[in-house]
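K.L.:
First the structure, then my questions, so here it is.
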Amino acid sequence: MFAYIVRRVLQMIPTLFGVMLLVFVLFNVFGGDPSLVLAGKHLTAESLANIRAQLGLDKSQFAQFMIFVKQVLTLDFGTSWSTQQPVSDIIGSRIGPSLLLTGSMLVVDLLIAIPLAATVAYFRRGLTDRIVTICCTIAMSVSALVYIIAGQYWLAYKWGLFPVSGWGNSAFHNLWYYVPLPMLMGLMVSLGPDIRFYRSFFVEELSNDYVRTARAKGLSERVVMLKHVLRNALIPVVTTVMMSLPYLLIGALVLETFFSIPGMGNAVVLAVNNSDFPIIKAITVYIALATMVFNLLADLIYKLIDPRVQLK
Amino acid sequence: MSQQETLLSIRNLNVRFKQEDAEPFHALKGINLDIPKNTTVALVGESGSGKSVTSMAIMQLLPAMQTLIDPASQILFEGRNLLELEGAELRRLRGKDIAMIFQEPMSSLNPVFTVGDQIVETLMLHAKLSRSAAAKRALELLIEVGLPDPEKKIKAYPHELSGGQQQRVMIAIAIACEPKLLIADEPTTALDVTIQKQILELIAKLQARRGMSVLFITHDLGLVGEFADKVVVMRHGEIRESDDVKQIFENPQDAYTKALLACRPQLDHRPLRLPVIDDFMKPGGYVSAGERQRGYSGDDEIVLDVQGLAKSFDIRHGLFGKKQFHAVKNVSFKLARGKTLGIVGESGSGKTTVGLTLVRLHQATGGKALFEGKDLLAMSPKEFHAYKRRIQIIFQNPYASLNPRFTVEQILSEPMMLHGIGNNPAERRKMAQDLLDRVGLPARSLLKYPHEFSGGQRQRIAIARCLTMKPEVLICDESVSALDVSVQAQVLNLLQDLQDEFKLSYLFISHDLAVVKHISDQVLVMNKGEVVEQGNADAIYRQPQESYTKRLLDSIPQGWTGGAPVLA
Amino acid sequence: MTSTVQAAPAMNSTPEVHRGFWALGWRRLKRDKIAMVSLMVVGAFLAIAIAGWFNIIGDGWRKEVAVPYAPPSWLAQSADETLPPAEEEAGARSDAPIVTMTEAEDPIGKELAIARQNMGKYASVETPLRESLPFGGDLRGRDVIVKTIKGTSTSVFVGIFGALFTLLLGTVLGAISGYFGGKVDDFLNWFYSVFTSVPDMLLLLSFAAVAGRGIKTIIIVMALTSWTGTYRLVRAEYLKLKNREFVQAASAIGASDTRRIFVHILPNISHLLLVQFSLLTVALIKYEAILSFLGFGVGVTQVSLGSMLAEAPAELVQGVWWQMVAVTIAMSLLVTAFSLLVDGLRDAFDPKANK
């Protein structure tokens, strides 16, 4: 087990290096010269040269890459080009709202999708199954944008059931007041595919031989489903959930933009709009790192819940 | 032996399965079957005979959506018609009065629960024991079924046990609540022959001790002679013959039964050609054509000389290390022209690896294979390409060895194209047609796709594919193991005819000792990668020298031994 | 000579029609009514899209044929009631003279006199702006229906070609990786893990940030970020099939690696690639909408379903809903039909998967 963890951590290094290389090539090589943007209105040859020196743009590409690597290792990405705030501060303040929104969305999604998927799989091939599947498909087909625009317009603006946008100061207040509408919109988008996805896990398990044995033992369909099948189907479900955890950090980009929630996703969109590279680079690297760590955690948890797995 | 009271009575069972594109498939055509109390009934048939369908129908385990059971059908058990049971009554029956074990123990056990939990579950459900009482009883059951190290194994997960051990666990679950009838659906088909013998002995012992009836389903008639009381032979959804075991073996009435008994290769004689079903079904019956002698003679031309063949696989071990798994260690033999060398062993013996290494589908880690003086294993891939057509291989799984998207014509012309045989497509098509005829398939098969053929027919196509290149050596890697007994006989006869006509040399790899004895001149016995014994076929089977060989030969089902109790 | 006794499994008694894999699947698909309806809907959309690419229809979407925010004809209200009074173009049709010089003082007096004489001779074709359109107009008075057609055409174009490139990239890399294994596989796996460590939207936006806008750009950007799913699928299939007996048999016969990859294995996964292509098209159409909405997708002079949705929030506040509804209907219909078609394809070519 220990050997496995060590080997995985060692494997993360080339991947992280690859991500850094990707980010560097994208932004430093293709991204164009930011000094013009930063100089702004006070464009003189002198200020340009100053900015260049400050950002290290007067050095070779290789040297710049080493600077970037150092930034990653010391977790210091400098300051934002648009707001002049330290990048780490910005990121630090924005993780909370993102997690609050996507975290609560994940919990509610699971609470609804899993039982519904199990029920539908139980009645598979029947009328219920077909109807629910088609409803999910139709729900999936409407663009998230439409849900959000329509939802915001009718539920918040016209009928005043929820605030149109915004964010508060206390986590509790946010959870009760600001989160529900974006969460509802997010669920409209995610429930459809999730129900279908989890349903397929259940259906696949139901076609296994051990289900036949369970029935031959005289167990009722209910027990077969809730005890034997569920326990097995949970394995891919847990794996999927674990793998989606890193995405919680990035927040729901579109939701945050619409509802003016000061989260990571919002930060990314603003940064891209402003060509604020330090923020984009930092967020990309952090998220990549988090993804790798969560993947490792997912594999370890997988080992815990599936006795067949042997980590080598 | 059998008492007059009937435990289960099947009357006019008529089952059809809905099909996508055609009329419902008539699986059981109104069969009648009686299972007396305290008796072992063997239900024998080849694939498609309906034997499994019969057993699954008893406990209503057939897929509800596709199954059509005639309302006039009845399955009477203790006065009730089982086909009319539903809900709680049906569930009470399952596992308590009637229990079932299946063919693939690995997938039939739930992988995420321990072995002990799965036995306890049944006990708590039907015997209404408390968890601790059930746990104690589960341990007793595991001891009774002979599971080694039961205190430890009771907490193990299914994948941690071997195939034979898993099947013992399944048996423990089945007998836990003292069923009156145990249905065993091909329980030993997936197991090695030595393990098979142990499981059969176990079932017979339990049957005698508990006085329960056993419905034993199998495709192997030879298997049942040692412990069945009554034998029922099925074909195409009908019962051909049903009688005491003594009658079936000594005085079979039905032509199909006779054919089934005869077309299995025997250990004590070797007919010139194996009898096939057709031989028995035509008027006049089967007439034996004489015996065939086999063995290497002193002046045989040696076509393939293998010396010290070795193959190891690397397995990851520890943090950075590798361990070696030696699949084949130091195997040497000589293959004579026009003769057959059989390699026999259980699973994991390395016999298949030998075959794959010789055609260079695996890279050998040591040794030589001399063909016309040149070492096949040492050549560069380009050099070897010219030799590919001369040494060919037929695989075990007929359902996977033909490309599903190719027509038969494409399958047969490809090797010809690759080796420059035939000058144009028309010539190649003619050659393909000739070969199809040679292997007994009609010319219009050229336009068909593999899925339109049965297993035996696909093997013929595979053989034809090899023949397009006019090889000298043919490696048959378990090539008949996946086929029904009667089809196996046909394919073995075909292989023999081809050897007689073209002087082909065969390397015949199989786990089936009787088949190997029938077709081989020389036999190599392998165990765990090494050659245990080697010599002329008759000599080895008559007087095995090594203990492993003796153990292997002992495990072969003896068939009917005249009523003398073979199993305790 | 032995004869074939063993009957072939449940063969149709119909005369010699030999159905290959695709023919069998097609028959199964035809039996699925929902899938067939979806197929026709998708086909209709494709036809519209192709017509749009070649500018057979939808070409005149830029023409401002109506007053701003013209309502749909089937609504009772006219433009006048919806909007604040239209501003008149500065100095357009006012008859009141602004200039108060006499002709003699006027420096261009002579030319103006000549022009006034010639005024009646030239007819200018100026069609009056319409008050309402079949499904309404947008901010600039452009016909929503024409715009929707052109927008759908663009979105479908982006979706299909993006999916094509993604499929190509993912399949080639996946095949090489799965078939050859070893160091090539290690390297491509590293490449794959780098790309999958970054969430989709983030990667898309990062690429978009440096690449800019435009149809060609987002096709390339989406291909560069979405290839990973196809790669994983194709690699797994090649790993699995490489060791199947029929591929080993091909090797034993003497088929080269190239032949095995393309002639033997590839046809056996073609149905999976078809499903993957459809899934990708749907996904990319949805992504394009979001990208264009956020301002990173198609260029300013182009229209797509996403860019049309971008105008929706502002319109809704003013009570103008017809453009959003048109886009929603078009996009939902297309994506629903496509998704149902994918389900049908999966069932038709791999029927065991859903029992």
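Note that Cβ sites are derived from N, Cα and C of the backbone, with glycine treated the same way.
In case it's useful when we look at the structure, here is the feature table from TrEMBL:
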type     : residues  : note
TRANSMEM : C:34-54   : transmembrane segment
DOMAIN   : C:152-342 : domain 'ABC transmembrane type-1'
TRANSMEM : C:156-181 : transmembrane segment
TRANSMEM : C:187-210 : transmembrane segment
TRANSMEM : C:217-234 : transmembrane segment
TRANSMEM : C:261-282 : transmembrane segment
TRANSMEM : C:289-309 : transmembrane segment
TRANSMEM : C:321-342 : transmembrane segment
K.L.:
Counting CB pairs under 8 Å, which listed stretch among C:34-54, C:156-181, C:187-210, C:261-282 touches the transmembrane segment (C:321-342) the most?
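P.N.:
Between the candidates C:34-54, C:156-181, C:187-210, C:261-282, the best contact partner of the transmembrane segment (C:321-342) is C:34-54.
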K.L.:
Would you say the transmembrane segment (C:289-309) and the transmembrane segment (C:261-282) are in contact under the rule of three or more C-beta pairs closer than 8 Å, pairs 6 or more apart in sequence?
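P.N.:
No, these stretches are not in contact.
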K.L.:
Considering only the recorded stretches C:34-54, C:156-181, C:187-210, C:289-309, state which has the highest number of Cβ pairs under 8 Å to the transmembrane segment (C:217-234).
P.N.:
C:156-181
K.L.:
Given the transmembrane segment (C:34-54), which of the listed stretches C:156-181, C:187-210, C:289-309 has the most Cβ pairs that are under 8 Å apart from it?
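P.N.:
Of the candidates C:156-181, C:187-210, C:289-309, C:156-181 scores highest.
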K.L.:
At a C-beta cut-off of under 8 Å, are there same-chain residues at least 6 beyond the transmembrane segment (C:187-210) that contact it? List them, or none.
P.N.:
173, 176-177, 217-218, 221-222, 224-228, 231-232, 235, 287, 290-291, 294, 296-297
